[in-house]
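Trainee: Found this in TrEMBL, in case it helps:
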type	residues	note
ACT_SITE	Glu150	active site, proton donor/acceptor
ACT_SITE	Glu249	active site, proton donor/acceptor
DOMAIN	25-265	domain 'Xylose isomerase-like TIM barrel'
Amino acid sequence: MAPLRFSANVSWLFPELPGLPARLRAAGSSGFEAAEVAWPYAEPPEAVARAAREAGLRLVLINTPPGDREKGEMGLGAVPGRQAAFREGLEQAVLYARALGCPRIHLMAGRVPQGADRAAVRSEMETVFLENLRHAAGVLAQENLVGLLEPINTRITDPQYFLDMPQQAAAILQKVGRPNLQLQMDLFHWQIMDGNLTGNIREFLPLVGHVQVAQVPGRGEPDSPGELNFPYLFQLLEDEGYKGFVGCEYRPLGDTAEGLNWLRSYWERRGRPQAGQ
């Protein structure tokens, strides 16, 4: 069984450092070989690519643009009336992915419109999402890229988010039926919404193109106090043959590098040289 491969989510890690290049350098110095970033769009793609290259990192995941944050948007994939903006954002994401050599783009579904009843708009939003996903699959296929769907919990993190259950995301993937669209499994969100992680990992892992981790409920380091037994979950992912990356998308409780003891311990157990060795 191959050891898991971890990527530093520099939108969350190293918050003590200003700017994406500094965070990428810190991730490389901490022993990471890969990184992911939610929205790299504040920096020119060439600058991000150069910073990652100098840090010895490959970028493995970015998100589509969120839309108008001031108006409360958090992705546009399933939002009625925003199809044109979603497609413009997709083109921007593809441009960045191409420049960064990044193989995966999280296609953000977005939120139920303010004041709307979730049950009342669910069918319309799914129809919009399916239409946008079919378009995205075609665009991504031309670039040999993978699109990811991530359920985000609506109990703590984002009560208005449209896509919140793994079963919902899997059903949508089945309806779209495109091999370059896959599931993004964030164990933080999955535990909060449905629990049953052993069963859900085993059931849905064949659809999964990327995994993310954080402790529940505080969203801290995997070895911080909480509900999840990460040594067990990491072993389960290994046993089930997961070959993708595990993104560290958590909120450091202190200095990021000092809080990576859990990862150093994993690397030591699996015989991986650590930074500086």
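Note that Cβ sites are derived from N, Cα and C of the backbone, with glycine treated the same way.
Structural setting of the listed features?
Mentor: For Glu150 (active site, proton donor/acceptor), the Cβ neighbour count at a 10 Å cut-off comes to 23, with all displayed protein chains included.
For the domain 'Xylose isomerase-like TIM barrel' (25-265), the model's average pLDDT works out to 98.
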Trainee: Please report the Cα separation of Glu150 (active site, proton donor/acceptor) and Glu249 (active site, proton donor/acceptor) in Å, rounded to an integer.
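Mentor: If we compare the Cα positions of Glu150 (active site, proton donor/acceptor) and Glu249 (active site, proton donor/acceptor), the gap is 13 Å.
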Trainee: Applying a 10 Å Cβ distance cut-off over all chains shown, what neighbour count does Glu249 (active site, proton donor/acceptor) have?
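Mentor: Around Glu249 (active site, proton donor/acceptor), other Cβ atoms within 10 Å: 23.
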